[in-house]
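Chemist: First the structure, which I've put down as structure tokens, then a few questions once you've had a look.
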Amino acid sequence: MPDYLSRFGQLDSKGQAYFSTVRSGLIVSLLSIGTLIGALISAPIANRIGRKYTISFWNLIIAVGFIVQISATHSWVQVMVGRFVTGLGIGALSLLVPMYQAETAPPWIRGTMVCTYQLFITMGIFLAACFNYGTVTHQRFNSASWRTVIGIGWLFTIVLGFGILLFPESPRYDYQNGHQERARETLCKVYGAPPNHWAIETQIAEIEQKLRAESAVKGNVATEFVRMLHAPRMPYRILLGVALQMFQQLTGANYFFYYGTTIFQSVGIDSYVTQIILNTINFAVTFIGLYIVEHFGRRKSLLAGSAWMFICFLIFASVGHFSLDREHPQNTKSAGIAMIVFACFFILGFATTWGPMIWTIMAEIFPSRYRAQGMALSTASNWLWNFLLAFFTPFITKSIDFRYGYVFAACNFLAGLIVYFFVIEGQGRTLEEIDTMYIEHVNPMTSSKWVAPPPEELARIRKQAGTDMEAQAAHVNEAQ
């Protein structure tokens, strides 16, 4: 966008505007730092004032971030700060919205609700690409080309920020804070059942049991963190979660999504059209991923995805380095087209495997007692590597051009090894069974053939390991 470049870029010796690698890296990556901080600080606020009011509050923060960006005239620092503030809200909502869904949705659709988290992320990226194309086509040389795109984000903050206030509070939060009848009414609406229905009574009993268990065994934050590190196989699972989230970033998907415009400008093909193509594929094939995860399993799908993306990046990098004329890309149009094709193939592999499935595994590998802490640490790894890649990619691509693709190819190979040797298959298993598999040191390579012991034996194993909250609560009550 010429207006954006002229306002916030730098001038070279010839008076031409450009973005230095430092400036572009900071503008892009400060959003990720904001998301990391927002995700970490939002949970305590949600526990104090409730889920829906916290969601509304963080939409206000996002709106403030948009205002800071839109009102910028020539200060790139103001744009950077605005993106950081926006990131705070995005990071908070990335934790709060799935939390609200999981605490409110009936059990039979809860899994689907969580899986659609990635789906609607891809839809948002797709819509942003369409808005970018529309504004750059019709308002290319004035500030509307970029202010309109940012301003449209206001519509979504208004819909979510005010719309969530029309919804009931999470029944679990209501019950925890003494609003038992309101929690029951919410469950009746969600389930579409009368107050005395067995499903309502069962859900209320489960909420009460879980809350009583948590209050009986949970200490302060520091105490629980120490207990977590000493729990059976928890360091192993935390490291595995951190590694999987790290490699989700190191697959290289954001190499295309963050810097696709820059990449494909050098190829000589309209960069905005290319982004629409990539993001259309990303959104559409994520539906396939929702099917694959429950029909082919986690391990097979992730291994196939790693192999697929490894091959795609090898070809992409080789064509870019050896066949593309980077000085005059129009002379090697066929090479540019080949790179676009394999970028699309890569997105196909990512959006059906590593994109949605890592979030599923994160919800499975940790026991109920430490799930929040474990997922928080793992998600922090994702945002950290998101920031590192966003900041350093301009420097790396400037130094080694398309050979950067070989780095991502190697990371995809390593990611496949991590899955093969360390990830246990969770398809068709209950969370308690998966917890027991990690406690019992089940071989990941043969985990799909593991036969679960009777429920009584499962409970005994988890109680002995200290990962079963209900069992721990009973033990505390007996001691008292």
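Just so you know, glycine gets a Cβ as well, placed from its N, Cα and C.
Feature list, courtesy of TrEMBL:
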- 1-427: domain 'Major facilitator superfamily (MFS) profile' (DOMAIN)
- 20-41: transmembrane segment (TRANSMEM)
- 53-72: transmembrane segment (TRANSMEM)
- 84-102: transmembrane segment (TRANSMEM)
- 114-134: transmembrane segment (TRANSMEM)
- 146-167: transmembrane segment (TRANSMEM)
- 238-260: transmembrane segment (TRANSMEM)
- 272-293: transmembrane segment (TRANSMEM)
- 302-324: transmembrane segment (TRANSMEM)
- 336-362: transmembrane segment (TRANSMEM)
- 374-392: transmembrane segment (TRANSMEM)
- 404-423: transmembrane segment (TRANSMEM)
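Help me picture where these features are in the structure shown.
Modeler: Within the model, the domain 'Major facilitator superfamily (MFS) profile' (1-427) shows a mean pLDDT value of 83, rounded to a whole number.
Counting same-chain residues at least six beyond the ends of the transmembrane segment (20-41), those with a Cβ under 8 angstroms from any Cβ of the stretch are 8-10, 58, 61, 76, 79-81, 83-95, 258, 376, 379-380, 383-384, 386-388, 390-395, 398.
The list of residues near the transmembrane segment (114-134) in space but at least 6 beyond its ends in sequence, with Cβ under 8 angstroms from a Cβ of it, reads 97-98, 101-102, 148-149, 152, 257, 272-273, 275-276, 278-280, 282-283, 286-287, 289-290, 293, 351, 355-356, 359-360, 363.
Outside the transmembrane segment (146-167), and at least 6 residues removed from its termini, the chain residues within Cβ reach (under 8 Å) are 1, 3-4, 52-53, 55-56, 59-60, 62-63, 66, 69-70, 93, 100, 128, 131-132, 135, 139.
Remote same-chain partners of the transmembrane segment (238-260), defined as residues 6 or more beyond its termini with a Cβ less than 8 Å from a stretch Cβ, comprise 28, 125, 228, 271, 274-275, 278-279, 282, 306, 309, 313, 343, 346-347, 350, 354-355, 358, 361-362, 365-366, 374-375, 377-379, 381-382, 385-386, 389-390, 393-394, 397, 404-405, 408, 411-412, 414-415, 418-419, 422-423.
Long-range contacts of the transmembrane segment (302-324) within the same chain, counting only residues at least 6 positions beyond its ends with a Cβ under 8 Å from a Cβ of the stretch, are 251-252, 266-267, 332, 335-336, 338-339, 342-343, 345-346, 348-350, 352-354, 357, 401-406, 408-409, 412-413, 415-416, 419-420, 423.
The list of residues near the transmembrane segment (374-392) in space but at least 6 beyond its ends in sequence, with Cβ under 8 angstroms from a Cβ of it, reads 25-26, 28-29, 31-33, 35-36, 39-40, 43, 91, 94-95, 228, 234, 237-238, 241-246, 248-250, 254-255, 258, 362-363, 365-366.
For the transmembrane segment (404-423), the residues of the chain that approach it from at least six positions outside its boundaries are 240, 243-244, 247, 250-252, 255, 298-299, 302-303, 306-307, 309-310, 313-314, 316-318, 320, 354, 361, 393, 396-397, 444-445, judged by C-beta separation under 8 angstroms.
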Chemist: Where else in the chain does the transmembrane segment (336-362) make close Cβ contacts, counting only residues six or more beyond its ends and a cut-off under 8 Å?
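Modeler: Cβ under 8 Å, 6 or more out: 114-115, 117-119, 122, 241, 244-245, 247-248, 251-253, 256, 260, 264, 267-269, 274, 277-278, 281-283, 285-286, 288-290, 292-293, 298, 301-302, 304-306, 308-309, 312-313, 315-316, 319-320, 323-324, 329, 374-375, 378-379, 415, 423, 426.
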Chemist: When you scan the chain for residues with a C-beta under 8 Å from the transmembrane segment (272-293), skipping those not six or more beyond its ends, what do you find?
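Modeler: For the transmembrane segment (272-293), the sequence-distant neighbours (Cβ-Cβ under 8 Å, at least 6 residues beyond its ends) are 112, 115-116, 118-119, 122-123, 125-126, 128-130, 132-133, 136-137, 256-257, 260-261, 264, 301, 340, 343-344, 347-348, 350-353, 355-357, 360, 427.
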Chemist: What residues in the same chain, six or more past the boundaries of the transmembrane segment (53-72), come closer than 8 Å to it by Cβ-Cβ distance?
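Modeler: Apart from its flanks, the transmembrane segment (53-72) reaches 7-8, 38, 42, 45-46, 78-79, 81-90, 92-93, 96-97, 100, 147, 150-151, 153-154, 157-158, 160-162, 164-165.
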